[in-house]
Amino acid sequence: MARLLRWSVLSAAVIVLALGIIFSNINLLFSALLLFFLNNIIYGFESFNQRVIFFMFNVTFFVFLMGRMVVSQLFHYKEDQFKLLGTYFTDQSTIISILIMLSLSLFCLFLGYALLDRNIHRSFENFVPTETDYIKNIRLVSLIVFAIAIVFKLIYLAGAIQASQSLGYYAYFSTFKSSLPGPMVLISRMFPIAFFVYLATLPAIKRAWIPILAYLFVDGLSVLTGSRSDFMLDVLILFIYFCYRNQIAKRTHTKKWFGKKTLVTGIIAAPVLLALMNFVGNNRGSTSTSSSSVLDSLMSFFFSQGISVNVIGYTIEKAKDIPDKIYTIGPLTEYVKFNIWGNLTGGQGGWSGQSVDRALEGYQYSHTISYVIMKDLYLKGVGYGSSFVAELYHDFGYVGIIIGSMIIGLLIGYFTKMLTAKHIIVIAIALIMARMILFIPRASTIAFIIDTFSPANIFTAIVIFAGERVLRPYLNRKRKKS
């Protein structure tokens, strides 16, 4: 029944999109966008625990690229204060292009993931977790590294919170540098990777709760700096992990990680959490909020977070002002050209903060587009972020959006399949990359790759796996005695 409904929705979406393009009708194109989104959501629900990464990616896609338009068009939120569909644009052709891009992206994300769906299903069917001495050793070593890193992470956060409170969020964001010695900062950065390696060992739920709560608590403190993204991504990836463990529990006939009561509690708590995140966002910009209810706060949250759709619009309208570069792989280009090659040759090293040179000479679209849109505010630390849709369109046009979105759909499917791997490090990488890819509707297209394989992350993995090798004889001997 669900599949029949989905195919009906998808067929309607394609027809309405075609009619919208033919007649250049914004209402038809907006309806098509909602139908493509609904298709993806229904598809995710059909096999929820298995397709949860795909489902959550569509949720973040909605929040960052659709939410503003939806609350403006359907609920008339701040409709009289902004322009077409709550954006900053009056040109109908710009809005039409945005709606077509987003519809094509959602459709191709679905197609890309669907290509791997049967393969993913077989992988989960054949996946049987094992509990070896090696896995137990990695679990213990990663937990020790995690516990040590927490101490330094808390010290680091204390300085960050103090700087944010004294400087203000935007000045803190663009200029903050910890006063801690380099080695201590490095240890603090080992905190998330050690945690994900621990989760990749598939610990029992009764043993995992304390590390999970500790992780959420420590990263939750980062909200006090005014930053919301890390904490929200943590909540999402842990939800994904719980669904993943539920899928394994179903296969192995073991205890579920959460049931209907936990799910209902989460659904009830979600609006409160979103309202809280909206409050944090309002306060970090010294913006007074007149929200009088949770519903109003939710509207405000989706409206403010959906601002990334404007990046796509400005990509269209400011095309002549944007330097002609390939931004899709910008973070990698910038890292190789400046951080590696520049340091080796004595030339320009890596940039920090926000400057004219970084905006115009660099390869990160978030800096370039922010400077093009609002030069003065950009230099004061304010940024617009980026979007994989905007970068793909700028670099390769509609063809780029079609192919790029299919590749992202394939990658989401591949990360899901990686969760059934035999090697701990593969599962850990899948969790880390899945967490980061959820943010690319508002970030650089390949940021999730650069962030996953950062020097600090690689160093942490080496410490954990080399540490296990060194401690293996002792740990195995102790285990045999007990």
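Just so you know, glycine gets a Cβ as well, placed from its N, Cα and C.
Pulled from TrEMBL:
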- 7-23: transmembrane segment (TRANSMEM)
- 29-45: transmembrane segment (TRANSMEM)
- 52-75: transmembrane segment (TRANSMEM)
- 95-116: transmembrane segment (TRANSMEM)
- 137-161: transmembrane segment (TRANSMEM)
- 181-201: transmembrane segment (TRANSMEM)
- 208-225: transmembrane segment (TRANSMEM)
- 231-249: transmembrane segment (TRANSMEM)
- 261-280: transmembrane segment (TRANSMEM)
- 396-416: transmembrane segment (TRANSMEM)
- 423-440: transmembrane segment (TRANSMEM)
- 446-471: transmembrane segment (TRANSMEM)
Let me check one thing: do the transmembrane segment (231-249) and the transmembrane segment (52-75) come into contact, meaning three or more Cβ pairs under 8 Å with sequence separation of at least 6?
yes
Going through 29-45, 137-161, 261-280, 396-416, 446-471 one by one, which has the most CB pairs that fall under 8 Å from the transmembrane segment (181-201)?
137-161
Using a Cβ distance cut-off of under 8 Å, indicate which of 29-45, 137-161, 208-225, 261-280, 396-416 has the most pairs with the transmembrane segment (423-440).
396-416
Please figure out which one of 29-45, 95-116, 446-471 racks up the most CB pairs under 8 Å against the transmembrane segment (396-416).
95-116
Using a Cβ distance cut-off of under 8 Å, indicate which of 29-45, 52-75, 261-280, 446-471 has the most pairs with the transmembrane segment (137-161).
446-471
Would you mind listing the long-range same-chain contacts of the transmembrane segment (29-45), meaning Cβ under 8 Å and 6+ residues beyond its ends?
2, 5-6, 9-10, 12-13, 16-17, 20-21, 51-52, 54-55, 58, 61-62, 66, 69-70, 73, 85, 96, 99-100, 102-103, 106-107, 109-110, 114
Restricting to the same chain and to residues at least six past its boundaries, which positions have a Cβ under 8 Å from a Cβ of the transmembrane segment (446-471)?
134, 137-138, 141-142, 144-145, 186, 189-190, 193-194, 197, 328-329, 331-332, 335, 425, 428-429, 432-433, 436-437, 439-440
